[in-house]
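Asker: Have a look at this one before I ask anything.
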Amino acid sequence: MPIHYSLLFLKCYQSVKTFVWSLKSLRLPTSSSNVDDDKQERCQEHKVLLTSSSNFSESETMFGDKLESQALQKGCEEDIEKHCRRCIGYPTMRTMNKLKKYGMYTLFFMFIFVVVFQFSEDVRQPAYPVFKRSETNQTNRMIIVVTPTYKRMTRIADMLRMANTLSHVKDLHWIVIEDGNKTIPAVQDILDRTGLPYTYQAHKTALGYPRRGWYQRTMALKLIRSNTSQILGQDHQEGVVYFGDDDNSYDIRLFTDYIRNVKTLGIWAVGLVGGTVVEAPKVVDGKVTAFNVKWNPKRRFAVDMAGFAVNLNVVLNSDAVFGTSCKRGGGAPETCLLEDMGLEREDIEPFGYEKTKDREIFVWHTKTSTPNIVQSKKNQTKPVPPPDTFGYFVEV
Ligand code: UGA
Ligand code: MN
């Protein structure tokens, strides 16, 4: 329902104006010492009429409308009201009526305004505050997000989405490692525009490592250990490390409500991963006893990279990195890293399990599909040239 605030404001303004006017016209009784006898007499007439009326509200009406016009007809001067007030001894009924009437209007509109204002808050709010920074308190704990990234047609779009999300989180340092020989200006521009502190370096996957971001995360862990104070900044004494891939979909609350509060090892549900709709820790009496996963559930930590974060102290107190393989993980690197950090299942702090139903997923293991680029059918014998980007930057 559209609400016309301007109209409402105008109405309220008019009512308040009238109310103030009514107050102004309300004058206190003055001394009757110099009252003109003739006028005094006429006023007495009114008074008699007024008091003779049995019903007070009727007399109010009479005095307010009928009697005054009678008085004016009788040749009373403009200040009849003033003299009558002297006779009767309190502000004229007409003024009182106006005061009551417009005062009631004012109160009524003020009440309506307050009610409408209160209940229309959701409607008036533009969409973005839903995603505004929900943390108001200053925190001394920095979130360190590690993101491996590499050139592909959809990368700028993926990084942009992630940047838009992270820019809503404060006290966050974003470490982005380019799987390549050099950093890419378009990526750097995105990082600049987040307004976040960040580190962007290029480390091409070394020989023997799978090309899946493992080497880049290793380089990031080394960077964190060698440049801890620069990454934390002056205002932060603590940190939490999270491996956030560039193609996932993140709820801001993942950072503000979960990651920020990780004291050792935080674990939560991940959507659309591991060949199923959701992978989640199985929690009994606040402790993780197993993992609700389809793929390789026997792992000590059967969790996707997106589903955990570790306190910076855990990282600093170990030299664990991503190796070139992880047999215990059946090929997935997560459990190897966490085990190498000296962590046990008892160390897990589960997040987001408290409700028994309508539980929310704060991170989704999405993947942007590579678009099917339609190529010209002519000259098929020659190598296909890259599609025209008309001067726009696309990593083709
Ligand atoms: C899944 C997990 O979610 C990853 O955390 C894990 O590293 C990966 O499996 C694995 O196999 O080890 P998935 O979605 O299949 O990830 O992989 P991608 O999202 O394609 O890659 C993971 C990260 O590595 C991304 O940030 C991606 O940009 C980066 N990557 C990938 C590179 O830096 N270089 C590559 O050649 C490929
Ligand atoms: Mn991915």
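Glycine is treated like the rest: Cβ placed from N, Cα and C.
Sharing the features that TrEMBL gives for it:
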| type | residues | note |
| --- | --- | --- |
| ACT_SITE | GLU334 | active site, proton donor/acceptor |
| BINDING | ASP247 | Mn(2+) binding site |
| SITE | GLU279 | site 'Interaction with galactose moiety of substrate glycoprotein' |
| SITE | GLN375 | site 'Interaction with galactose moiety of substrate glycoprotein' |
| TRANSMEM | 102-120 | transmembrane segment |
Asker: Taking the recorded positions one at a time (ASP247, GLU279, GLU334), which has its Cβ surrounded by the most other Cβ atoms within 10 Å?
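Answerer: Top count of Cβ atoms within 10 Å goes to GLU279.
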Asker: Three states by DSSP: which one describes the residue listed as 'Mn(2+) binding site'?
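Answerer: In the DSSP reduction, the residue listed as 'Mn(2+) binding site' maps to coil.
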Asker: Near GLN375 (site 'Interaction with galactose moiety of substrate glycoprotein'), how many other Cβ atoms are within 10 Å of its Cβ?
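Answerer: A count of 10.
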Asker: Under a threshold of 6 Å between Cβ and any atom of ligand 2, which of the recorded positions ASP247, GLU279, GLU334, GLN375 are retained?
Answerer: ASP247
Asker: Which recorded positions out of ASP247, GLU279, GLU334, GLN375 lie by ligand 1, going by a Cβ under 6 Å?
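Answerer: If the test is a Cβ under 6 Å from any atom of ligand 1, the answer is ASP247.
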Asker: Helix, strand or coil at GLN375 (site 'Interaction with galactose moiety of substrate glycoprotein'), per DSSP?
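Answerer: Once the DSSP labels are grouped into three classes, GLN375 (site 'Interaction with galactose moiety of substrate glycoprotein') ends up as coil.
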Asker: Can you figure out which of ASP247, GLU279, GLU334 (the recorded positions) comes closest in space to GLN375 (site 'Interaction with galactose moiety of substrate glycoprotein'), comparing Cα atoms?
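Answerer: For GLN375 (site 'Interaction with galactose moiety of substrate glycoprotein'), the spatially nearest of the recorded positions is ASP247.
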Asker: Could you measure between GLU334 (active site, proton donor/acceptor) and GLU279 (site 'Interaction with galactose moiety of substrate glycoprotein') for me? Cα positions, answer in whole angstrom.
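Answerer: Distance (Cα to Cα, whole Å): 14 Å.
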Asker: C-alpha of ASP247 (Mn(2+) binding site) to C-alpha of GLU279 (site 'Interaction with galactose moiety of substrate glycoprotein'): distance in Å?
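Answerer: ASP247 (Mn(2+) binding site) to GLU279 (site 'Interaction with galactose moiety of substrate glycoprotein'), Cα-Cα distance: 18 Å.
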